[in-house]
Amino acid sequence: MTDASLHIPAPAAIADEASLRDYWQLLKPRLMSLSVFTALVGLLVAPAGVHPFLGATSILWIALGAGASGALNMWFDADIDRVMKRTRKRPIPSGRVAPSDALALGLFLAVLSTVMLGLTANWVAAFWLAFTIFFYTVIYSMWLKRTTSWNTVIGGLAGAFPPMIGYAAVTGGTPVEAWLMVGLIFMWTPPHFWALALFVKMDYHTARIPMLTVTHGRDETRRQAWFWSIGLALVSLGTAVSGIGGPLTLLVAVILNAVFLKGAWDMWHRTDADSEADGHAVEKGLFKWSLVYLFAHFAVFVVEVALGPWGGW
Amino acid sequence: MHQDHEMHIRRRGRNFGLLAVLLGFIVIIFGVTVVKIRTGGFSEGFDHVARPALVPIEEADQ
């Protein structure tokens, strides 16, 4: 290659050249923010002290690991993203970032975040971060997302690990309390996503992604959301009586779950016609409550710890 | 007079962004090193700290 190649005019490429913002978008910042929040809670409720700087940097590496998963997912799913309206403007399908660049960034960040978390915190936390990246990229994105309608459920597991990684970063272990936090997000994801799928017109069928609403129908999706909500309530109460819970957590969990179950029950006992008639009020209500639910539930774990001798059992 | 290449001008924002990221990385590595050394995280203590448990019993009795 000579300097001459730099002078070849390529107006289209120049106009669409990737900016830092595009690389940032590759990391799926919204998913990253959820990982940061839940990992931070895991770190704060762990029954051991951690230096604030090491704690903050551990969270940073967990966030970068989540970002690596996002970049690898966007690299592999570029063909799907290209045909769906919602994702067509992402950096790879829009042509601003080359797929090979996204792959390189994802792999680099995956290795960097894992090694740095191992050095900053410990290798138990680093192992679970590496496992999460592997699970989201290989098991979910490359394999199950395109082959089974339970992809939402399985994909949710990858998003559920960050609080456990935060907990492990402090303690070096993953006791039942850490797994209960994983279970909480795991059970929360399906009804949260299915409520959204019932009121937003998604074109997954165009991309041949077997979503539950398409493969098993919308009525079955409503029914499944109810059953997963019951499971969610049970895990939620489990966290409340565990080592990270307490009377306050139990009270908050009862309120959060009562509203959630009412919403899921109502959503099950109505048809698409009912839903169209009131502008999907119940589905939208459950979706919004699910956001409040997750934030409040994890926040109350921290409050319980902050209460010191007055918190916990 | 030196003129910046068009490509460099175009990529200026990206390059400065990368510079900021790299500087941030250096600061973090430095900070982690300082904290680890102060809290003794990297030190196994074999050659810096007296470990009575390693001293043979007869020697300790004398």
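The backbone N, Cα and C atoms fix where each Cβ goes, glycine too.
Marked as transmembrane segment by TrEMBL: A:31-50, A:56-76, A:97-119, A:125-143, A:150-170, A:176-200, A:225-242, A:248-265, A:286-307.
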Spatial neighbours of the transmembrane segment (A:56-76) not adjacent in sequence (6+ beyond its ends, CB under 8 Å) are 26-29, 31-32, 35-36, 39-40, 43, 50, 90-92, 99, 102-103, 105-110, 112-114, 116-117, 120-121, 125, 129-130, 132-133, 136-137, 141-142, 158, 162, 165-166, 169
For the transmembrane segment (A:286-307), the candidate among A:31-50, A:97-119, A:150-170, A:176-200, A:248-265 having the most Cβ pairs under 8 Å is A:248-265
Between the transmembrane segment (A:31-50) and the stretches A:125-143, A:176-200, A:225-242, A:248-265, the largest tally of CB pairs under 8 Å belongs to A:176-200
Stretch winning on C-beta pairs under 8 A with the transmembrane segment (A:248-265) (pool: A:97-119, A:125-143, A:150-170, A:225-242) is A:225-242
Tertiary contacts of the transmembrane segment (A:125-143), defined by C-beta under 8 angstroms and 6+ residue spacing from its ends, are 58, 61-62, 65-66, 68-69, 72-73, 76-77, 106, 110, 113-115, 117-118, 151, 154-155, 157-159, 161-162, 164-166, 168-169, 172, 174
